[in-house]
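Participant: Just passing along the structure, written as structure tokens.
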Amino acid sequence: MVCLKLPGGSYMAKLTVTLMVLSSPLALAGDTRPRFLQQDKYECHFFNGTERVRFLHRDIYNQEEDLRFDSDVGEYRAVTELGRPDAEYWNSQKDFLEDRRAAVDTYCRHNYGVGESFTVQRRVEPKVTVYPARTQTLQHHNLLVCSVNGFYPGSIEVRWFRNSQEEKAGVVSTGLIQNGDWTFQTLVMLETVPRSGEVYTCQVEHPSVTSPLTVEWRAQSESAQSKMLSGVGGFVLGLLFLGAGLFIYFKNQKGHSGLHPTGLVS
């Protein structure tokens, strides 16, 4: 059984329920009055595991932070004038303030222990593919795309090499994109003018693998590509004919074995 703790106890539960009710479609139906949004964000910042932990409580009103508790400071501080009365009030509540200071252990370190196995220690190996953005590849400006998908955690390093020499100029990236299933993807592109015989390599380093993943793309002329495709097509066609021939052969053999020899009955 997984038990996640929330700071604030029943106060937080009541606040969460209230916000959910106020933001529901039924509550907003037919209401044309100005709406106000109150948010409470609780953040845990971990450094080197749980060796050093920082707890933050941020009070946000209409997308503007007005009040903050920082465990490194030990008390509430007003970010705007709107938050000053609340800061003075909460700092006067000694028991409540001690609970906030203890949240580093009771909230952050506790939940770290609960979720470490499926968050911090989780590893999913990336899938890497390389392809040109345009079909006309040689002697023209092109983008070579290195697609890295389905990996976790998000820390990753992608490099481009041309003929074993790292390429740094002309490299652009989409940055990390969340897939929505606890995995990430990214596209790292190299702007270049491919020439026949050149070998481009996308190298990916990620915590899920012990050694870098590499995928090559070789620049080939259209005639070379046509010859290669013709060779592949001929090979596949040969396999089909071979399979058909073997099928007919074994079928005939089975038919012959089922025939009984005829002779005179004495």
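Just so it is clear, glycine is given a Cβ too, placed from its N, Cα and C backbone atoms.
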Participant: Scan C44, C202 and flag the one Swiss-Prot records as disulfide-linked to C108.
Facilitator: C44
Participant: For C202 (disulfide bond) and C44 (disulfide bond), what Cα-Cα distance in Å is obtained after rounding to a whole number?
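Facilitator: Answer for this pair: 35 Å between alpha carbons.
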Participant: Of all the disulfide-bonded residues given, C44, C108, which has the fewest Cβ neighbours within 10 Å once its own Cβ is left out?
Facilitator: C44
Participant: I'm trying to understand the geometry here, so how far is the Cα atom of C108 (disulfide bond) from the Cα atom of C146 (disulfide bond), in Å to the nearest whole number?
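Facilitator: C108 (disulfide bond) and C146 (disulfide bond) have their Cα atoms 38 Å apart.
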Participant: Per DSSP, what is the helix/strand/coil residue tally across the region 'Beta-2' (125-227)?
Facilitator: 6 helix, 53 strand, 44 coil
Participant: Can you check what DSSP calls C108 (disulfide bond), collapsed to helix, strand or coil?
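Facilitator: Note: C108 (disulfide bond) is helical by DSSP.
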